[in-house]
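Asks: OK, Swiss-Prot features for this one:
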BINDING   N273, E351, Q352, D353  Ca(2+) 1 binding site
BINDING   E351, D353, Q363  Ca(2+) 2 binding site
DISULFID  C249-C309  disulfide bond
DOMAIN    219-420  domain 'Pentraxin (PTX)'
CARBOHYD  N144  N-linked glycosylation site
CARBOHYD  N185  N-linked glycosylation site
CARBOHYD  N389  N-linked glycosylation site
SIGNAL    1-17  signal peptide
Amino acid sequence: MLALLAAGVAFAVVVLAQDKPLPGSHFVCSAIPPEALFAGCPLPATPMQGVSLSPEEELRAAVLQLRETVVMQKETLGAQREAIRELTSKLARCEGLMAGKAESSKDTMGDLPRDPSRVVEQLSRSLQVLKDRLESLELQLRTNASNTGLPSDFREVLQRRLGELERQLLRKVAELEDEKSLLHNETSAHQQKTENTLNALLQRVTELERGNSAFKSPDAFKVSLPFRTNYLYGKIKKTLPELYSFTICLWLRSSASPGIGTPFSYAVPGQANEIVLIEWGNNPIELLINDKVAQLPLFVSDGKWHHICITWTTRDGLWEAFQDGEKLGTGENLAPWHPIKSGGVLILGQEQDTVGGRFDATQAFVGELSQFNIWDRVLRPQEISNIANCSLNMAGNIIPWVDNNVDVFGGASKWPVETCEERLLDL
């Protein structure tokens, strides 16, 4: 085709050369070697002979060969279109120059004038032939692209393979939809399970903080304060009336060192140390009333259960200290003639710097407390001994030890307590 294009251009130049060369126009004609005639139309590579390939490899090679053929034929079509455009442009230039020459110039050589219409007509015919051949080539390329020279069995294999891939794709889409639905269901189930677990934990925490109602009796529980912090504590819901004497008894177990901390404290507005029992650092256990101090000869930091009772009366500030049913100390002048003020806050496990708060972790009680009772009188020594040896179970008439009267906070907890006899065996 390129040879035909070159012949057309050469023919136009030869015809025009019979007259005087046109001013300002120069055309260069170059010979095209025969081997260049097919340079723009490379043939597809033929498969290697004598090499045994699997059907999948032959199919893959055929597809690659088809792709390369289509790409090369597209490039050839592009080059041929460019050549046609260039030839059309030159033809237009020739027509314009010939028209101007016929109007303004004369034949100075005495030759007969040329017939421009014949030249244009011949060039048009040549161009039409080129266009016809180009359209034929494009049709052939489309035919080759749609019906390649691959063997029929390869085409069947290709079609079967494409059909199989389509079916696999549809199955995969269906599987993904099923997995999506299953994942949604599993996520919902997992979310429900998580919510149930959280609700159970929340209920358990609430039970620990507010008390467990599953005790054998309302007083068969203990408060556990396992760590020395400023946020674990118990609180007695009831408050004290104005008192002129009292007896406070409790069971406790602690192995904290140094000092067991503060088993209980009672604070009123204007006096944070209205009643406090504390063992702080290496000091002995102390009883504070209205911020006045008395040291008590009690020793309870051996990790065993001990029964403690303290009596006090405003008359002469007389006090007594009992451990495990035995009186170990007595004294007087502890806040004499001072009545215990009413309306305060009673805390288990912490010393109060303000009413109901400002706890100090170094003064916190570490251990277990139970049977915390308060009476508005001084109990007789025999009563205290009977309570300690489990022969008498007597609740406080001011503050009794009952489940619904004790709240716990900050991780403190309530647990069933050992029986009185079991506590005695632990002495």
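Placement of Cβ uses the backbone N, Cα and C atoms for every residue, glycine included.
Looking at the shown structure, what environment does each listed feature sit in?
Replies: Around E351 (Ca(2+) 1 binding site), the same-chain residues at least 6 positions away in sequence with a Cβ under 8 Å from its Cβ are G261, T262, S265, V276, I278, F359, D360, Q363, A364. Secondary structure from DSSP puts E351 (Ca(2+) 1 binding site) in coil.
The DSSP secondary structure for C309 (disulfide bond) is strand.
For N185 (N-linked glycosylation site), no same-chain residue that is 6 or more apart in sequence has a Cβ closer than 8 Å to its Cβ. The DSSP secondary structure for N185 (N-linked glycosylation site) is helix.
On its own chain, N389 (N-linked glycosylation site) has G325, L424 as residues at least 6 apart in sequence with a Cβ closer than 8 Å to its own Cβ.
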Asks: Could you name the residues, excluding N273, E351, Q352, D353, of the same chain that surround the Ca(2+) 1 site, i.e. Cβ within 8 Å of the Cβ centre of those residues, in sequence order?
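Replies: Result: T262, S265, A267, A272, V276, Q350, T354, R358, F359, D360, Q363.
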Asks: Pick from N273, Q363: which of these binding-site residues has the biggest number of other Cβ atoms within 10 Å of its Cβ?
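Replies: Per the Cβ count within 10 Å, the most buried is Q363.
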Asks: Any idea what DSSP makes of N389 (N-linked glycosylation site), helix, strand or coil?
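Replies: Coil, per DSSP.
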Asks: Within 10 Å of the Cβ of C309 (disulfide bond), how many other Cβ atoms are there?
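Replies: Result for C309 (disulfide bond): 25 other Cβ atoms within 10 Å.
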Asks: Given D353 (Ca(2+) 1 binding site) and C249 (disulfide bond), what distance in Å do their CA atoms have, once rounded to a whole number?
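Replies: With distance taken Cα to Cα, C249 (disulfide bond) is 23 Å from D353 (Ca(2+) 1 binding site).
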